[in-house]
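Read through the structure below, which is laid out as structure tokens, and then see the notes.
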Amino acid sequence: MAKSVTPDAISILLANPSPDSSSELPEIVVQVLDLKQSGNRYMFTASDGKMKLRAILPSNQNSQVISGSIQNLGLIRIVDYTLNDIPNKSEKYLIVTKCEPVSPALEMEIKQEGQIKSEVKSEGTGIILRPKQEIVAKSAAQIVHEQHRNMAPTARMAMTRRVHPLVSLNPYQGNWTIKVRVTSKGNMRTYKNARGEGCVFNVELTDEDGTQIQATMFNEAARKFYERFALGKVYYISKGTLRVANKQFKTVQNDYEMTLNENSEVEEATNEESFVPETKFKFVQIDQLGPFVNRSDLVDVIGVVQNVSSTMSIRRKSNNESISKRDITIADETKKTVVVSLWGDLATNVGQELLDIADKSPLVAIKSLRVGDFQGVSLSTISKSTVLINPDIPEAKKLRSWYESEGKDASMASVGSGSSPISKNGIKSMYSDRVSLTHITSNKSLGEDKPAFFSIRGHISFIKPDQTMWYRACTTCNKKVTDAIGSGYWCESCQKNVESNLRYIMVVKVSDASGEAYISVFNEEAEAVVGCSANELDNLRSQMGEENSYQMKLKQATWTPHLFRVSVSQNEYMNEKRQRITARAVAPVDFAAESRFLLEEISKMRVSQ
């Protein structure tokens, strides 16, 4: 038979919107039209020459498009699929969950029905359509029951299951069954509102394509399924409902969220060790991390490992338990670096693997990181974080090519240094959240739960000359070093003798019209205040003479106006909570910009009167 479309293929698909088995349908061959990428998947129009149907190829089929096996104007055989309604329209769209390429691109679109029929007749054998069979939607329990009853090989069983990919689900759909792995499980929580008290917990589910969705259970459903769901296990789930996700609380990249009630069915799928969901990433470049600082959003990053520290033990304040921690420094094409803190098993296992190959500059792709404000911008893993070493993905190949060609010789800078007051990076400017010093010092509860951020304008009124002004740091990781045996300096983090320099760690008194406060200032910010590096100030300190150059330098730094971006947190000292104010960025006053800011503030005051 000549390569062509199946007559009335679209009608066959529409008549069987959710088949139980591929064996119930004849061979369905359609032509691919208008093939284009949409997000992380491809969309196209399926045509049989008479009718057309909008269609989607899930991400697991992307490789066939990229390799050229599936082409625009080419032919594909649809092996497995499902049909979805388009909200507020009478149309449907086709989710092709499994297909096979039949032919590369033809010269033109097949349009005329007569030509199609003549091609079929030329081979002497037509296509026989089987009578439409009754379609019965199966629940998760029925699927598992059939699986236990029929001990056929796994591959054969997979052909007969009617499992929907997560990407095909929407709130307007009826019966469906999904096959997913639990990739994150939350704790049982209690709540109290106007309707009474209750309990709730949620899980994050991932299917074979790597698509994720959050499922939430309340009260009876929460108590029923909390023990049944186990992290890392695979389940068949049916009889749930979907709704548009609340962006404020969603933890995965999906427009919908799932709710399971006490009538939902959840059955564990046994012998599914080979069911490994594809890890999908939505990478954020290192120089674009600013907008995510101290927000609930999680980020994915990819970078070249520049440094790996040794493992350290950290004692948690919440329960006084010890947990392993290891810091790695990564860089990307933006020529910025950021420190990623690995915790728990990631620190001991993945971290050790990275330490063993650190001299080869491995690449890491990390999913689900929290962005903090330590050293301006920092990253930290959480319980559901995933770390892939040297992943085989296009982004990794592109990054490796850049690093080998120019990156390894490029000068890198920490993303947290000097990022304010430039607001285009997403980090708030010196004119955001402007307050007086008294506003901070008079409110002792500021920073109790999490750091609070403000901008202030003030003068350095005093720098104590005999305080500890700096520490000797490793030039690679900026951690404190100690004298090595013999000569040189030893870095515990890098586990080797290293070159070192001095880095500021000082406290200054800042005054404004309302009052004064002591502010902790670190290296980059202190250099902006003092006007020289810690090494240079140390040289001045060692000089002898009547005119003390060291004290003169500190005196010159006082009574100069600066703009400060500060964080306010609570530290415990001698069983007493104390407020700590830390400078996150320091900049000289731009009097033109400052005047515009004050005029805007005056205008706001007039409007409010």
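Just so it is clear, glycine is given a Cβ too, placed from its N, Cα and C backbone atoms.
If you check TrEMBL, you get these features:
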type   : residues : note
DOMAIN : 5-102    : domain 'Replication factor-A protein 1 N-terminal'
DOMAIN : 164-268  : domain 'Replication protein A 70 kDa DNA-binding subunit B/D first OB fold'
DOMAIN : 294-390  : domain 'Replication protein A OB'
DOMAIN : 453-598  : domain 'Replication factor A C-terminal'
For the domain 'Replication factor A C-terminal' (453-598), residues assigned helix / strand / coil by DSSP: 33 helix, 71 strand, 42 coil
Whole-number mean of pLDDT values that fall within the domain 'Replication protein A OB' (294-390): 87
Secondary structure tally of the domain 'Replication factor-A protein 1 N-terminal' (5-102) (DSSP, helix then strand then coil): 18 helix, 46 strand, 34 coil
